[in-house]
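Here is what TrEMBL records for this protein:
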- His176: active site, proton donor (ACT_SITE)
- Glu311: active site, proton acceptor (ACT_SITE)
- Asn79, Arg80, His176, Ala177, Tyr178, Asp246: beta-D-galactose binding site (BINDING)
Amino acid sequence: MLTPVSTQRAPDGSPFQLVTLKNPAGTTATFMDWGATWLSFVLPLADGERRELLLGCQSPEEYVNQSAYLGATVGRYANRIARSQFQIDCKPHLLVANQGVHQLHGGPEGFNARRWKILNYTEQKVSFQLVSPDGDQGYPGELTAEVHYVLTDDNRLEISYKAQVDKLCPVNLTNHAYFNLDGEGHDVRKHRLQLFAERFLPIDSDGIPCADLTSVQQTGMDFRTPKTLAQDFLKDRDQQRVKGYDHAYLLYATCNASDNPAANLWSSDDKVKMTVFTSAPALQLYTGNFLNGTPNRTGGQYANYSGVALESEFLPDSPNHSTWPQPSCWIKPGQTYRSATVYQFFAL
Ligand code: BGC
């Protein structure tokens, strides 16, 4: 169902357009063209409750006034690029900075802050497209991106990305949904998480990688066996630098977008489980350490740790680290960037 929101205008002066998908189980997933943003996911539970599992704002225009990237499609390069630069042909190439000297999530006007074109939609599918011009946020070449969302009968939200460029450019697209499987207004640290990764990337207080990939063994970063986010919260110096978990994990090489999950997450009341599958090499675990003040669904504000993001990505700052054990993030003209992530929800 397509709903133009006629009373509120986006920064480009046109109305926001919302699309709601619905499956035969009664689950709904809502998206908007601004930022190709995932606004809502409502799952019917066994006891009749219909539970909202995503953080979000009360109205579309509030998304423009927040810097948490709630549900947004993030690009061209999700996560951070140190000092907003990389090398092309051994020459420094400068991007537009938006977090001190660094670039975060594609720059000050990243893909989250753009009107995406709705290519088509049906009851259980919607596709968006964005053309990003040469030089956009400092990136070389024109890039055409597509994101496809499919809501399956078995409550999988399948997200697939595709992009092409006309100049060599690093590409890293993700969705920045924050989940709270207990519903709105609960501390997400009570959730149990399992993450299929043996190594994570240490970062400095700016979120910039500051050491090589490091084993999670015997640290609070280890989620190979399920544990609550609270259990080892702030235990490691790595967490203390950034007020909690805000780290990229290199997934097991066997993880994929269909049958070997990257992560499992359980609500604290054990009524909802989410499983994440992805073709991406890494997952950023972010416990909402800086969510304070973000507009919520009821006209109030979120507190820190109100939701958790599990962002499928290349490792942060990959354009400057060609030796890390993952596929190249650089896309050449004629090649197609593809990435797929599935969030599957279970009412237990
Ligand atoms: C980053 C956080 C940042 C958040 C919102 C996450 O992906 O890792 O450091 O605060 O996005 O910008």
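Every residue, even glycine, has its Cβ placed from backbone N, Cα and C.
Since we're looking at a predicted model, the values are computed, not measured.
Annotated features taken from TrEMBL, shown on the structure.
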residue: Asn79; record: beta-D-galactose binding site; Cβ contacts under 8 Å, 6 or more apart: Leu104, His105, Asn172, Thr174, Ala248, Gln284, Glu311, Glu313, Phe314, Leu315, Pro316, Asp317
residue: Arg80; record: beta-D-galactose binding site; Cβ contacts under 8 Å, 6 or more apart: Gln99, His102, Gln103, Leu104, Asp206, Gly207, Ile208, Pro316, Asp317
residue: His176; record: active site, proton donor; Cβ contacts under 8 Å, 6 or more apart: Ala68, Tyr69, Leu70, Gly71, Ala72, Thr73, Val74, Ala78, His105, Asn112, Ala309, Glu311
residue: Ala177; record: beta-D-galactose binding site; Cβ contacts under 8 Å, 6 or more apart: Trp38, Leu54, Leu55, Leu70, Gly71, Ala309, Tyr343
residue: Tyr178; record: beta-D-galactose binding site; Cβ contacts under 8 Å, 6 or more apart: Leu54, Leu55, Ala68, Leu70, Gly71, Gly288, Leu291, Ser306, Gly307, Val308, Ala309
residue: Asp246; record: beta-D-galactose binding site; Cβ contacts under 8 Å, 6 or more apart: Ile203, Gly207, Gln284, Leu285, Tyr286, Thr287, Asn289
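Its Cβ placed at the centre, Glu311 (active site, proton acceptor) has 25 other Cβ atoms within 10 Å.
Taking a Cβ cut-off of under 6 Å from any atom of ligand 1, the binding-site residues Ala177, Tyr178, Asp246 reduce to Asp246.
Comment: beta-D-galactose site residues Asn79, Arg80, His176, Ala177, Tyr178, Asp246; largest CA to CA distance 18 Å, whole number.
DSSP gives Ala177 (beta-D-galactose binding site) a coil state; it is part of no helix or strand.
When secondary structure is read from DSSP and collapsed to three states, Asn79 (beta-D-galactose binding site) falls in the coil class.
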